[in-house]
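Chemist: Provided herewith is a single structure, encoded as C-alpha cells, for subsequent inquiry.
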C-alpha cells in the first residue's frame, strides 16, 4: 500500500474529531480575559462663579469660645523712676532746659548759687563725705564773685582803675586754674570745673571784706577785716580740698590755696 492511498474515516470518528476541536476552541476563548468594564461617571463638584475659589476647605466646626478677661494676666507698666531734686541733692539727670522760660532758668541758677553758697558760708569739716557738698557745681557763682572782687578793688583805687581790675581778675582766674592742676597732680579725686567752682565760691568772704574796706578808709579796720575774711575763706576751702587728696599730701594741697587768698588780702589792704 502506498502513502498516496487514503483511507476513509468512520462517521463516528469524524464526530469525535469535531467535538475535540470544539473543546479546544472553547478553552482558548475562556483563557482570554474579558475586557474591563467601563468605570462609572464621577460626581461633579459644583463651583461657584461669583467668588474666587479658595484653596482651603471650609470647616463646619464652631469657633472656640473667647477667653475670659480674668484669665489673662495683664502686666501693669513699671512706674516712672522718681526725679531727684538737683538743686538740693546734686544728683540725677539734668532737666530739659531747651523749652522752659528764661525766668525759670534764671531762678533755678540763682537757687543753685544760693544753695552752694550756704555750704561755703557755713562750712562743717566734720560732716560725712564733704566732697559731695559741691557735686552740683556751676561756674556762674564763681564768675560773679571774681568779677565783683575785681570791680570792688578797682573802685577802691584812686588811679589806674582798669589796670587794678585786670590784675585782680587775672590773679584770681589763673590762680584757680593753677590750684586745680596742683590738686590733680597730687592724685586728687576731683573734677576740674568742680575745683574751679569751689575756689570761686570760697572768695565770697573776701568779697565781703573788700566791700567793707572800700567803705571804711582805716588801716586798722582793713587789717582786722582782711584777717577775719582770710581765715573764713581758708576754713571754707579746707574740708573740700582735704577730702580730695591723700591725707599725707593734704598740706601740699592746702598751702597754695592759703597763699592765693593771702595775695588777695594783700591787694585789698594795699589798694588806696
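Placed from the backbone N, Cα and C atoms, the Cβ positions cover glycine too.
Okay, these came from TrEMBL:
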COMPBIAS  44-60  compositional bias 'Low complexity'
DOMAIN    133-266  domain 'Yip1'
REGION    23-93  region 'Disordered'
TRANSMEM  139-157  transmembrane segment
TRANSMEM  164-185  transmembrane segment
TRANSMEM  191-212  transmembrane segment
TRANSMEM  219-240  transmembrane segment
TRANSMEM  252-271  transmembrane segment
Chemist: State the non-local partners of the transmembrane segment (191-212) in its own chain: residues 6+ outside its ends, Cβ under 8 Å from one of its Cβ atoms.
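Modeler: Residues 116-117, 119-121, 134-135, 137-139, 141-143, 145-146, 148-149, 152-153, 156, 172, 175-177, 179-180, 183-184, 221, 225-226, 228-230, 232-233, 236-237, 240-241, 244, 257, 261, 264-265, 268 contact the transmembrane segment (191-212) from elsewhere in the chain.
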Chemist: Determine how many residues of the domain 'Yip1' (133-266) DSSP places in helix, in strand and in coil.
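Modeler: Going through the domain 'Yip1' (133-266) residue by residue, I get 110 helix, 0 strand, 24 coil.
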